Amino acid sequence: MSSYRQTLFILIILIVIILFVNEGQGAPHHDKRHTACVLKIFKALNVMCNHEGDADVLRRTASDCCRESCSLTEMLASCTLTSSEESTRDI
């Protein structure tokens, strides 16, 4: 009976370890893709805005556009916003 409990205990530990390993591998891959997307869109926005846009606003816009699609008009509108206007626009 004790070897049965020992085997069951080891099996449960292995299942828990496998579940944690699989859970941990999913998130970083998405974060890497999202970060790469934000960087590409931020660079494109910076060029489209002739390097005159507020960097925080452009970075936030890039992040939003990576999460859900946004139009070119929305992207270009971020060129003229400042950080304070962006925070009041969200309210």
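Just so you know, glycine gets a Cβ as well, placed from its N, Cα and C.
As recorded in Swiss-Prot:
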type	residues	note
DISULFID	C37-C66	disulfide bond
DISULFID	C49-C79	disulfide bond
DISULFID	C65-C70	disulfide bond
SIGNAL	1-26	signal peptide
Checklist outcome for this item: Rounded Cα distance in angstrom between C70 (disulfide bond) and C79 (disulfide bond) is 14
Next on the checklist: With DSSP assignments reduced to helix, strand and coil, which class does C79 (disulfide bond) get?
Outcome noted: coil
Item to check | Rounded to the nearest Å - Cα separation of C79 (disulfide bond) and C65 (disulfide bond) | outcome: 14
Checklist outcome for this item: What DSSP gives for C49 (disulfide bond), in three states, is coil
Item to check | C-alpha spacing of C49 (disulfide bond) relative to C66 (disulfide bond), in angstrom | outcome: 18
